[in-house]
Amino acid sequence: MRPFEILTLILIAGTLAVLFTQRDRKIFLYLICAAILSMFLQFGIEGHRWQFAPAVYLLPAIYIFHRFQESEINTVTKGFLSIWFSVAVILPWII
């Protein structure tokens, strides 16, 4: 895996951890903005790879789930996002 891909995945993991454990919008927004910035840097410096597509599409999905589930993220959503993140980590690592 490339350095900015690793950084982006670490930031996405932090974003998911904040989303699953606390509802502090400020920390969540800082982390998701940092992940988006890291993703753009990765595209500009290292180039786009199709293996990184699940991580790219995970970012808007995380924000949408955060935005529309006001009180707490339910268990099904947590499982879905966790599986999606696992695929986003494993795919670039394998290939």
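Each Cβ is built from the backbone N, Cα and C atoms, and glycine gets one as well.
Keep in mind that TrEMBL annotations are predicted by a computer and have not been checked by a curator.
Residues or ranges marked as transmembrane segment in TrEMBL: 6-21 (among others). Same-chain neighbours of the transmembrane segment (6-21): 27-28, 31-32, 34-35, 38-39, 42, 52, 55, 58-59, 62, 65-66, 73, 78, 81-82, 85, 88-89, counting only residues six or more beyond its ends whose CB sits under 8 Å from a CB of the stretch.
For the transmembrane segment (28-45), the residues of the chain that approach it from at least six positions outside its boundaries are 2, 4-5, 7-8, 11-12, 14-15, 18-19, 52, 55-56, 59, 62-63, 66, judged by C-beta separation under 8 angstroms. Positions annotated as transmembrane segment by TrEMBL: 28-45 (among others).
The transmembrane segment annotation in TrEMBL covers 51-68 (among others).
Through the fold, the transmembrane segment (75-94) approaches residues 1-2, 5, 9, 12-13, 16, 19-20, 49, 51-52, 54-55, 58, 61-62, 65, 69 of its own chain, all at least 6 residues removed from its boundaries and within a Cβ separation under 8 Å. The transmembrane segment annotation in TrEMBL covers 75-94 (among others).
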